[in-house]
Amino acid sequence: MDMILNSVQFICQRSGRRYTGAMPASSTSPPRRAAHARSEFEPDTRTRRSRALADVRRELVLDAARAAFFELGMDRASMREIAQRAGYTPGAIYSYFASKEEMYGALLAESLERLNAAVQQSLAGAGADHAQRLDAAATAFFDFYADNPRDLDLGFYLFQGMKPRGLTPELNESLNVRLRDALAPVQDALQALGLSARQATREVTALFAHAVGLLVLSHTGRVRMFRQSVPELFAAYVQQLLERAAPRR
């Protein structure tokens with residue numbers, strides 16, 4: 001360093017310039033600083049891109065799993081089959097899901113999120129009237145599965161007898177919570193109309209059972225033997241529920 005300073009001082013003396021002790025500014029310094037600044041942000045950019053790519057690949061695997069489940073059923077849809085449909089090797093998809101049951105859980109969770117969004121959207125136009133909010137939420141719940149029968153199928157794929165199989169207790173409870181969330185506006189409206197929490201829960205349970213029963217009849221085509229309209233039957237049930245819940249005068 002001393003040699004460099006001495007050389008600079010010597011050159012300044014030869015050229016008649018006054019040496020101030022400061023090194024001359026380099027014209028390349030700003031670009032260096034800019035390059036350094038860019039390098040500080042590059043890891044974050046790469047991380048975001050890597051995460052986005054992983055999300056896309058995960059969705060491809062889920063799309064393949066959904067198609068395999070619907071076409072082959074849960075038992076016949078193997079991890080190898082799902083990987084082939086997604087365009088990956090079987091080993092590659094294990095970095096996203098440990099089993100097809102875990103894929104099922106992810107698909108059902110996504111379905112329940114869309115269900116909840118549909119219910120909340122219906123409430124946005126229902127105003128503050130409790131009866132209207134009950135009608136809107138119950139109808140939105142029913143219409144979601146009527147318009148998306150495969151989402152209804154998804155809810156029954158992992159059931160044998162009366163017990164769900166393949167789901168961890170934690171995942172099973174998480175999915176149940178999201179399903180209850182979709183029905184919570186009905187419970188809230190019933191209690192606001194004067195029912196006790198226990199009475200409201202009984203009515204919500206009956207509403208859920210009635211909705212699922214009608215949806216299965218519609219989905220399987222069995223309702224045709226009765227020559228009835230499923231939407232009209234459900235609307236009539238909701239009206240009866242509102243009459244039962246109406247405040248007594």
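Note: Cβ is positioned from N, Cα and C throughout, glycine not excepted.
Automatic, uncurated: that is what TrEMBL annotation is.
Annotated features, as they stand in TrEMBL:
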DNA_BIND  78-97  DNA-binding region
COMPBIAS  37-49  compositional bias 'Basic and acidic residues'
DOMAIN    55-115  domain 'HTH tetR-type'
REGION    19-49  region 'Disordered'
Remote residues contacting the DNA-binding region (78-97) - C-beta distance under 8 A, at least 6 residues beyond either end: 54, 57-58, 60-61, 63-65, 67-68, 72, 103, 106
Please count the residues of the domain 'HTH tetR-type' (55-115) that DSSP assigns to helix (H, G, I), strand (E, B) and coil. 46 helix, 0 strand, 15 coil
